[in-house]
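Swiss-Prot has this to say about the protein:
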- 2: active site, schiff-base intermediate with DNA (ACT_SITE)
- 3: active site, proton donor (ACT_SITE)
- 57: active site, proton donor (ACT_SITE)
- 260: active site, proton donor (ACT_SITE)
- 91, 110, 151: DNA binding site (BINDING)
- 236-270: zinc finger (ZN_FING)
């Protein structure tokens, strides 16, 4: 699933081609993704794209006729091409075409993403309920420690909760907990202030590094220029079940926590008794 670094990579990849451009047409080939594609999108001819931004895993196109919320879902990706350069494929569900002939193409084999119109993205219910951005100054050790009090949930599920902090998906949660030397099943309420300092620090480091690497390609995700994300080449625990830990040589284990596969080193990430 594309996570925060993949969406940030997509934003940076498409922004130079779309910022300031006028929408000629939005072609919708599939009316139902995770939710129904907003009808308003097909009536945005002449709208100017005045800015692009990201909130959590949502890419937002701010236009003179409202905002477009895009989510990549489980398997989505965005590509930039010239109009009439390449016929749409089976999984190419939406094309945003600009007056100068650029095409933003949305591909999603599993059809679990979304394209929604809203008057103001900041006031949309999908956005207003979100926690702080992990790379922002508001995501601090003091904040995380305060939110963790009386939380019996596993720390891995805790940091993946978008009400607590956005964009820390499964891959980056596993990697961050490894770097912080925290077992994924440790109860959030048992985190110390020092552990929260370390965890916040490594979450920021892991996500920043992943963005530099263009995200993580495990199956479907590709960057707008067609290249894969290279962070997969430096994963320490995620997807490495039965392989040796790079730090201590202990065999990496996997366990389902919160309905997701979790990867950890039982030696580097010991669960306190």
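Including glycine, each Cβ sits where the backbone N, Cα and C put it.
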In whole Å, could you give the widest CA to CA gap in the DNA site formed by 91, 110, 151?
-> 41
Cβ packing number for residue 91 (DNA binding site), 10 Å threshold | 17
Looking at the recorded positions 57, 110, which sits with the largest number of other Cβ atoms within 10 Å of its Cβ?
-> 57
Of the residues in the zinc finger (236-270), how many are helix, strand and coil by DSSP?
-> 0 helix, 12 strand, 23 coil
Near the Cβ of residue 3 (active site, proton donor), how many other Cβ atoms are there if near means within 10 Å?
-> 23
Neighbours of residue 2 (active site, schiff-base intermediate with DNA) among the recorded positions 91, 110, 151, 260 (Cα to Cα, within 10 Å) = none
Candidates 57, 91, 151 (recorded positions) with Cα within 10 Å of residue 3 (active site, proton donor) = 57
